[in-house]
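Colleague: Below are the features I grabbed from TrEMBL:
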DOMAIN    40-286  domain 'G-protein coupled receptors family 1 profile'
TRANSMEM  24-46  transmembrane segment
TRANSMEM  58-77  transmembrane segment
TRANSMEM  97-119  transmembrane segment
TRANSMEM  139-157  transmembrane segment
TRANSMEM  203-224  transmembrane segment
TRANSMEM  236-257  transmembrane segment
TRANSMEM  269-288  transmembrane segment
Amino acid sequence: MAQDNSQVTEFILLGLSDKRELQLLFFTLFLLAYTMVLLGNLLIIVTVRTDTKLSSPMYFLLCNLSFIDICYTSVTAPRVLVALLSGHKAIAFEGCMAQLFFLHFVGSSEMFLLTVMAFDRYTAICRPLHYTAIMARRACWALVAACWAGGFIHSFVQTVLLLQLPFCGPNTIHSYFCDVPPVIRLACADTALTEWLMASNSGLISLGCFLALVASYALILAKVRARVSQGNWKALSTCASHVMAITLLFMPCIFTYLQPAGTLPTSKYVCVIYTILSPMMNPLIYTLRSSEVKESMWRLWKRCRT
């Protein structure tokens, strides 16, 4: 559809560096991080799915978060690794649009899911007597489905807006993956309105979810301070680790997307935080702070050895 208005058939991804020594260093770091994302999140999925003691809504949502993290990182990491190793930096126009679509599809679904997880924690701590009724299994499935649907709608709008623009050159993207800010700068047209629409779309989603998360954890903190107990302090400790995880994801996204393209320079190194670092840290943050998950992993390890 966009090719009728475009002369560009491929884009050149400049990556993180032109120096071969740094490329090999980045390849090693990205490969290590991607391996940790795959193994860590797969371990969480297998652990939750095989242990009947981890049947609460919190672990159901955690399992879905792990699946999303695997999908999210897999949108960019494999191609980056191939490019760093082979030096091939070209990506077809269609491939670029597909990468952009799936990046926003899975990324925004994760933001919505983290918001649902915060609501789950708020309900468990602040309304414990109604928790089972509110977070019933059917409600959890509906919430997860809504997260994916919201992500699809958001990404579809982003991609359609981009496909309406003509691309006639240049075709050099100053990043290691296709994303809205660097791609829209290459359009051969006045993109002011499109930039504001996209900033309103991606930026406000990031900011809105982040504020909802902050509000939910603030309410949890107020509740815990009002009723100090060992259980409540344990819940507060869990929420603190969740705040660390969402900060790694949301702050770089807000910085990147809550502005029209070209207003401020977008650092490709900032993008590493929410495409690689955040998915890598999620398994550590959500498992090391949960004694139930660690005990279940230990039982799984003993079963595998026998």
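Cβ atoms here come from the backbone N, Cα and C positions, even for glycine.
What you are looking at is a predicted structure, and each value in this text was computed from that prediction instead of being measured.
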Colleague: Can you work out which residues elsewhere in the same chain, 6+ from the ends of the transmembrane segment (269-288), have a Cβ less than 8 Å from its Cβ atoms?
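Modeller: Sequence-remote neighbours of the transmembrane segment (269-288) are 16, 30, 33-34, 36-37, 40-41, 43-44, 62, 65-66, 69-70, 72-73, 76-77, 103, 107, 175-177, 179, 241-242, 244-245, 248-249, 252-253, 255-256, 294, 297.
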Colleague: What else in the chain is close to the transmembrane segment (58-77), if you only count residues 6 or more beyond its ends and a Cβ gap under 8 Å?
Modeller: 30, 33-34, 37-38, 40-42, 44-45, 48-49, 99, 102-103, 106-107, 109-110, 113-114, 116-117, 120-121, 124, 137, 140, 144, 176-177, 275-276, 279-280, 282-283, 286, 292-293
Colleague: Counting only residues 6+ away from its ends, which parts of the chain sit with a Cβ under 8 Å from the transmembrane segment (203-224)?
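Modeller: Residues packing against the transmembrane segment (203-224) from afar: 108, 111-112, 114-115, 118-119, 121-122, 125-126, 154, 232-233, 235-236, 239, 242-243, 246, 250-251, 253-254, 257-259.
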Colleague: Please report, as numbers and ranges, the same-chain residues at least 6 past the borders of the transmembrane segment (97-119) whose CB is under 8 Å from any CB of it.
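Modeller: Contacts with the transmembrane segment (97-119): 2, 58, 61-62, 64-65, 68-69, 71-72, 75-76, 79, 91, 143-144, 146-148, 150-152, 154-156, 158-159, 162-163, 177-180, 183, 202, 205-206, 209, 212-213, 216-217, 242, 245-246, 249-250, 253, 274-275.
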